[in-house]
Ligand code: F6R
């Protein structure tokens, strides 16, 4: 996730772009840059936070009344000056800023190299200005060339394009990444999100997928880039305050990020198959494989353990990073997959260091390009959840699970075990973002009202089986982190080995009844706690059979068992969120916790 901005009007563009970029830093902050036009094209960009780059390069002093800017959250290529946006074509006259991921950039790059184009960055974006230039050379028509280029791009992209040869306009394009146009008096603004430009205007046009727009100081014309058909759209009046706009109208980043999960999963599923094949080969070469992680990432690793065993018959050991040094059996035959959204967790970095020292090979799965873990790993893999602002991990968990499920499918294939189940899973993954979106909208009001019943709870027990087990661990972690209520997740089968002694009249129990072979056993566990007077809330796959047997029921649409974590985690996260808000606490800033835990 990156942030892009644009301005065309009669005022100096640079200070407006700079201010807008600062307001978008929550979308990315590893590097930034701007391009303006004043007779010719001016470009400044670098690695680092925007304020520091401005101090060094004097961004606000760039000349011209038109320009574009970018704040980056790296996806392809580490944070560096050369990978920062804007990117130029080989003629140096066209500048492009891009938010999103170009899936077919490799093919496009080869095609352009065949036509003599040279590339200097490791980004997917650099193909775009060159592709535009390729068409422009023949037609001389910038707008038409942008359209031709957009038609050839696959993936997600919000683009702003300027050229020194047509200095009065910005061309904007949108597919699966947001883009908002702000209408002023004799000036037009462009941004990934509303807060970047809200101080200038509240008259906004939202660009939809498949559309492009030409922005000049007095006019905005929109068309479909596929068919070329003109689009008529009335501006809307945005009533948000700047703070509300940063959270896209959500009261907290935590809730915004819970609702961003379908996009995080969709973007992560765009990882090219070659990357998963590489990781599968890496793991298959080893005598033993460890997945190591902390906190939420550890729970994602546990989901992976079930998926890898069930789908690919591929056993792995999952170890908490801080314990790994004590029990990891490491030598040259060992492969370690370290999972860490931040890439900076000290316990995981230490474990990786120890593994490498013992001769083990290390791969990592992280959400932060260029983070410390990437420099310590033999193979680097990424989730594409975008920056997570809230301290508690939500969308990065969903992205990790999606990635690891794809890995399971890949390993099943590589081991000749890709039967109907893995085919169903592979097909089902593609439709998960849409189903997640539906579940979010459907369950939130119900969870919000159920949360009232937990406000004064002292203990909450969560039980699950199979993939439901890591989910209850994750649900309990979310609840304790932000509500400060003691909560404990456990395998439902373990109840009778001790915890049942704590269940008495009114004890809150959340039963996570996921689909699959263990479902009936879970239903028996529900009866078991019910018989001891527990107040049971069941989150159940197609829960009709539980009606009347539990106190409260949240029914989840039926899916393949291994896909169910992507749906069942939603009510658990929402419950933690709404209990927290109901208790008058701030979910975005839980006490005593930090987003990156850089101490052992
Ligand atoms: C939970 C949470 C933490 C992290 C843990 C590991 O909401 O945020 O438990 O999951 O600190 O962090 P990463 O994944 O960055 O290594």
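Note that Cβ sites are derived from N, Cα and C of the backbone, with glycine treated the same way.
Whatever TrEMBL says is automated annotation, not expert-curated.
Within 10 Å of the C-beta atom of residue 2 (active site, nucleophile) sit 27 other C-beta atoms, taking all shown protein chains into account. Under the three-state DSSP scheme, residue 2 (active site, nucleophile) falls in the coil class. Residues or ranges marked as active site, nucleophile by TrEMBL: 2.
Marked as active site, for Fru-6P isomerization activity by TrEMBL: 595.
The domain 'Glutamine amidotransferase type-2' annotation in TrEMBL covers 2-218.
Residues annotated as domain 'SIS' in TrEMBL: 279-417 (among others).
When pLDDT is averaged over the domain 'SIS' (450-590), the result is 96. The domain 'SIS' feature in TrEMBL is assigned to 450-590 (among others).
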Looking only at the domain 'SIS' (450-590), what are its DSSP counts of helix, strand and coil residues?
69 helix, 30 strand, 42 coil
